[in-house]
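The block underneath contains the structure these notes are about, expressed in C-alpha cells.
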Amino acid sequence: MTQTGKRQRRKFGRIRQFNSGRWQASYTGPDGRVYIAPKTFNAKIDAEAWLTDRRREIDRQLWSPASGQEDRPGAPFGEYAEGWLKQRGIKDRTRAHYRKLLDNHILATFADTDLRDITPAAVRRWYATTAVGTPTMRAHSYSLLRAIMQTALADDLIDSNPCRISGASTARRVHKIRPATLDELETITKAMPDPYQAFVLMAAWLAMRYGELTELRRKDIDLHGEVARVRRAVVRVGEGFKVTTPKSDAGVRDISIPPHLIPAIEDHLHKHVNPGRESLLFPSVNDPNRHLAPSALYRMFYKARKAAGRPDLRVHDLRHSGAVLAASTGATLAELMQRLGHSTAGAALRYQHAAKGRDREIAALLSKLAENQEM
C-alpha cells in the first residue's frame, strides 16, 4: 500500500489518503504518542468521524490508549502466512522454496504470534540467530518475512512493517566464483562420460542454466542456423520434475551457437540422442525419456573438475564462465543480458535492448577465442 503523501491539516488529528483511495486517520494522544485508526476508511467523512470520537473522549476525560482500537482484527502470523502462500501467483519451485523457508526458519519463532505483536525488536532478535551460517538462506528468509508483513500492512492488519533491517535482504557472496579457463574447460569436458561432454560445452559456451539444458530437446537445436532455442526449463518439485517456462520472460531466447561447437553438438545428436523431435539432449542416465537428476550429473562433474584441478568449481559456475568469455569479446552488458536470458527492472531502466543480430557476432568471436587457444 503506497501513500500519496497528501495530508489534511486539522485542529485535531491528521487524515491522509492512500493511492487505493482509502483514508487513514491518526492523532497524538494526551500521552504524546501517535495513534492510528485500526482500519482505513472508504470515505473521508468516516475518518473524520473516528477522529471526532477520539477528541470527544479526550475532552470528557474518557480516553485511554485502547480508545478506538477495539475493532482491530487479530491474526496469528502462521495462519496468515499459510493463506498468503496459497494465494500467491508464483511458480511451483518458488512456492516450495517459500514453504521450506517458513518451515525451517520463520514459523518456529512467529507462528503463534499475532501480526500486531511482531515488532522491529522482535524481528531483529529473530534475524540475529536465523541461518547465520548460510547468508543466502538468511536473506531469503528475511525477504519472505518482509513480503508477508507488507501484505498484512496493505490488508490493514498492522500499522507499519516491522522489517526494517537495512541490507538484510542481500546476501554477501561466500563462494567467490573463479571462472574456468579454456584449458580447464577442455579437461573437464574430456573427463566427462561421452553422453554428457556436450553438456559442459553448452553450459559454458552458451552460458545456459541447468534447467534449460536438461529440458533441451532435438527440436530446439538448429544446426543450419547455428541456434539453440530456449523455450522451456525443468525444475525439481518434490521427488519429481516439472516442465515450466524459463526463469524469466527474458529466459525465452535464441542463443547463437559458437561455430566451433557445431561439430561436437552434431556428433552428440548423432550418437547420444534418440530420434524424434521430442528426444532430450541430456536425459537421465538410465532412462532416455526422463530428465537428468542434478545428483547424477554432480557425481560425474565432481570427478571431471577434480581432473582439472578445480574442486571449487560448481556446475552453475560453467554459466558464469561462459558469461566472462562472452564479455571478453566486447559484448555490451545489454547484449550479455540477452544472451544469458537475465533481466531485472533496474537493468531494464539502465540499459537499452541488445542490438538484434549482435548475438551471432558474439558467438563467432567466441569461436575465435577457442581457435587462438588451439594455436
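In case you wondered, yes, glycine gets a Cβ from its N, Cα and C as well.
In sequence order, Ala233, Pro246, Lys247, Gly251, His316, Arg319, Gly341 make up the list of same-chain residues 6 or more apart from Arg209 (active site) whose Cβ falls under 8 Å from its Cβ. In the three-state DSSP scheme, Arg209 (active site) falls into the coil class. The active site feature in Swiss-Prot is assigned to Arg209 (among others); the stated evidence is sequence analysis.
His316 (active site): 13 other CB atoms within 10 A of its CB, across all protein chains. Marked as active site by Swiss-Prot on the basis of sequence analysis: His316 (among others).
Within 10 Å of the C-beta atom of Arg319 (active site) sit 21 other C-beta atoms, taking all shown protein chains into account. Per Swiss-Prot, active site is recorded for Arg319 (among others).
Secondary structure at His342 (active site), as computed by DSSP, is coil. Residues annotated as active site in Swiss-Prot, with sequence analysis given as evidence: His342 (among others).
Annotated active site, O-(3'-phospho-DNA)-tyrosine intermediate per Swiss-Prot: Tyr351, in sequence order, evidence recorded as sequence analysis.
Each residue in the domain 'Core-binding (CB)' (75-153) has a pLDDT score, and their mean in this model is 92. Among the features that Swiss-Prot reports, domain 'Core-binding (CB)' is placed at 75-153, with the record citing sequence analysis.
Look at Swiss-Prot and you will find 175-364 tagged as domain 'Tyr recombinase'.
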Can you name the residues of this chain that are 6 or more positions from His342 (active site) yet have a C-beta less than 8 Å from its C-beta?
Ser248, Ala250, Gly251
